[in-house]
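Asks: According to Swiss-Prot, the protein has these features:
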- 7, 8, 9, 10, 11, 12, 13, 14, 15, 16, 17: ATP binding site (BINDING)
- 185, 193, 196, 199: Zn(2+) binding site (BINDING)
């Protein structure tokens, strides 16, 4: 299938891009600038597109993102430290973010005669982000079937929606994903902080997958204390 991947530049979406390139016909990556403080991730998405020799579309929706206030990812609100399973991580929710981005991606896919849009939502996101859950994926597909009826037929591929981030690391290694060429940290510093929810989840995923983590973190050991109170089953 001719497929466009929504790629933030993070571990999940870059791994997905490599998977789609190996298993489908990857025709491009689409990324979004929504005013996120960690927009350096877009550079890693661009590197992925160059590596896979496909076009890279960066859609500027920062004007919209500026109105979706109240998130630590876009506003002057401190990004909380700790495990993704903690209630404080809801501060990183950007309301309706995936619905907005996917609607644009589907429009792009229809215009380019693509067969599918692929997105890297995964099981570890379910606790915090409602627009990463299977119910949302299914409902969005039904909505797009109506929105594009008679014009285009575009599938929403979400191969990781029921699996853990550790499983994505395993799949990424299978498809030769260069993990060092991905960015996860929400704080957007020179290095991954090692303390925010996505850094902790990233470090834990490599540990659970039994695959060496090439990432350099400012705090190499914080993740151990952060995950010690949760079992893998409780957060996935």
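Placement of Cβ uses the backbone N, Cα and C atoms for every residue, glycine included.
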Asks: Suppose the ATP site is 7, 8, 9, 10, 11, 12, 13, 14, 15, 16, 17. Which further residues of the same chain have a Cβ inside 8 angstroms of that site's Cβ centroid?
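Replies: So the additional residues around the site are 5, 45, 48, 120, 182.
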Asks: Going by C-alpha positions, which of the binding-site residues (9, 13, 17) is nearest residue 185 (Zn(2+) binding site)?
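Replies: Closest by Cα distance to residue 185 (Zn(2+) binding site) among the binding-site residues 9, 13, 17: 9.
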Asks: For residue 193 (Zn(2+) binding site) and residue 13 (ATP binding site), determine the Cα separation and express it in whole Å.
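Replies: With distance taken Cα to Cα, residue 13 (ATP binding site) is 20 Å from residue 193 (Zn(2+) binding site).
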Asks: Within 10 Å of each Cβ, count the other Cβ atoms and name the one among the binding-site residues 7, 11, 185, 199 with the highest count.
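Replies: By the 10 Å Cβ neighbour count, 7 comes out on top.
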Asks: Please work out the number of neighbouring Cβ atoms within 10 Å of the Cβ of residue 17 (ATP binding site), leaving out its own Cβ.
Replies: 29
Asks: Hey, which of the binding-site residues 193, 196 is the loneliest by Cβ count within 10 Å?
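Replies: The binding-site residues 193, 196 were compared, and 193 has the fewest Cβ atoms within 10 Å.
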Asks: Reduce the DSSP letter at residue 196 (Zn(2+) binding site) to three states and note it down.
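Replies: The three-state answer is strand.
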Asks: Which ones in the same chain are close to residue 9 (ATP binding site), with CB under 8 Å and 6+ residues apart in sequence?
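Replies: Within the chain, residue 9 (ATP binding site) has Cβ neighbours under 8 Å at 31, 41, 42, 43, 44, 45, 46, 47, 48, 182, 183.
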Asks: Tell me, by DSSP, whether residue 185 (Zn(2+) binding site) is helix, strand or coil?
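Replies: DSSP assigns residue 185 (Zn(2+) binding site) to coil.
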Asks: In sequence order, which same-chain residues at least six apart have a C-beta under 8 angstroms from residue 13 (ATP binding site)?
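Replies: Counting only residues 6 or more apart in sequence, the Cβ neighbours of residue 13 (ATP binding site) under 8 Å are 5, 6, 7, 45, 119, 120.
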Asks: Of the binding-site residues 11, 15, 17, which sits closest to residue 199 (Zn(2+) binding site) by Cα distance?
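Replies: It is 11, whose Cα lies nearest.
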Asks: Per DSSP, residue 13 (ATP binding site) is which: helix, strand or coil?
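Replies: Its secondary structure by DSSP: helix.
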